[in-house]
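**Student:** So that we are looking at the same thing, I have put the structure below in structure tokens.
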């Protein structure tokens, strides 16, 4: 199937099979389609709604072109990454969580990029902290094995995406590439907590990752619109564990945490975000600390360092109050520039 045939099919609201989608996406990722064709295809998919098989196929193709990072011990390997696009301008919660999980004994292969729709992307705030973003795959692997955290800057690992960059900028809408970003971790992490920008993606993404062989996954979207576990409202969850998917709703009060005001954790830039991250990692009582505890607790749970979400959040709070998570940030800055 070529892209013209695919467009004709999706405008009829007909899903593509995995094989059909892989053929079309391979052509896009190798520069064999025009910008007009790629644009029409992406818009058509977005209007139709991307199916589980279509998303799975795109992830497979992107992974096949990815510059991979090899991690020897994957038992507690995890990523904390979201689709972004919630438009709320909050600080980099999932980035802060990475240091808490590392302090808990996890191995965090953090996948991220500069801010596109947000005030601060994970790459922006890490650069503000002094982290070297231009590490080779070997150095990233060493950092993960030595201190429990490494950062994989998306443009370095996904060169083939370049064929879609201009089209996506011109379209200025969410496309399938926004959905698959967190699913294309270069270290092939078996465990993840993933935030998505709409509730409609929560359960489908869990099914995609089941098809792709993931081990333990939590996908979240909150009632108040976050691609994180919210400190201010209910959060919808799909959990993949032992090959089975279950859905449920959680609230901060389930974990003994008070509801917080999201206005307290909004930022204007990466420097603002870094301040909130440092305060949370120092254990300063705040909305920032509590939302980091919720999300890092989920990550601690999915990478098998806690037996339940409740235990994971409890461990995260103890780590935050001890200040050792901030030490992990300092260690990472040092190792990224010299390891």
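Each residue, glycine too, has its Cβ placed from N, Cα and C.
As annotated in Swiss-Prot:
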BINDING   82, 85-86, 92-95, 110-118, 122  5-phospho-alpha-D-ribose 1-diphosphate binding site
BINDING   82, 113  anthranilate 1 binding site
BINDING   94, 228  Mg(2+) 1 binding site
BINDING   168  anthranilate 2 binding site
BINDING   227, 228  Mg(2+) 2 binding site
**Student:** Here's one to test understanding: among the binding-site residues 82, 94, 95, 227, 228, whose C-alpha is closest in space to the C-alpha of the residue listed as 'anthranilate 2 binding site'?
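**Tutor:** Its closest listed neighbour, by Cα, is 82.
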**Student:** Give me the Cα-Cα distance between residue 94 (Mg(2+) 1 binding site) and residue 82 (5-phospho-alpha-D-ribose 1-diphosphate binding site), rounded to a whole Å.
**Tutor:** 8
**Student:** Cα distance, residue 95 (5-phospho-alpha-D-ribose 1-diphosphate binding site) to residue 227 (Mg(2+) 2 binding site), nearest Å?
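**Tutor:** Between the alpha carbons of residue 227 (Mg(2+) 2 binding site) and residue 95 (5-phospho-alpha-D-ribose 1-diphosphate binding site) there are 13 Å.
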**Student:** I want to verify one value. Collapsing DSSP to three states, which class is residue 94 (Mg(2+) 1 binding site)?
**Tutor:** helix
**Student:** Relative to the Cβ position of residue 82 (5-phospho-alpha-D-ribose 1-diphosphate binding site), how many further Cβ atoms are located within 10 Å?
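**Tutor:** Summing over all protein chains shown, residue 82 (5-phospho-alpha-D-ribose 1-diphosphate binding site) has 24 other Cβ atoms within 10 Å.
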**Student:** Name the residue among the binding-site residues 92, 94, 95, 113 whose Cβ has the smallest number of other Cβ atoms within 10 Å.
**Tutor:** 113
**Student:** Specify the count of other C-beta atoms within 10 Å of the C-beta of residue 112 (5-phospho-alpha-D-ribose 1-diphosphate binding site).
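**Tutor:** Residue 112 (5-phospho-alpha-D-ribose 1-diphosphate binding site): 27 neighbouring Cβ atoms within 10 Å.
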**Student:** Suppose we draw a 10 Å sphere around the Cβ of residue 228 (Mg(2+) 1 binding site). How many other Cβ atoms does it contain, all chains included?
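**Tutor:** Other Cβ atoms found within 10 Å: 25.
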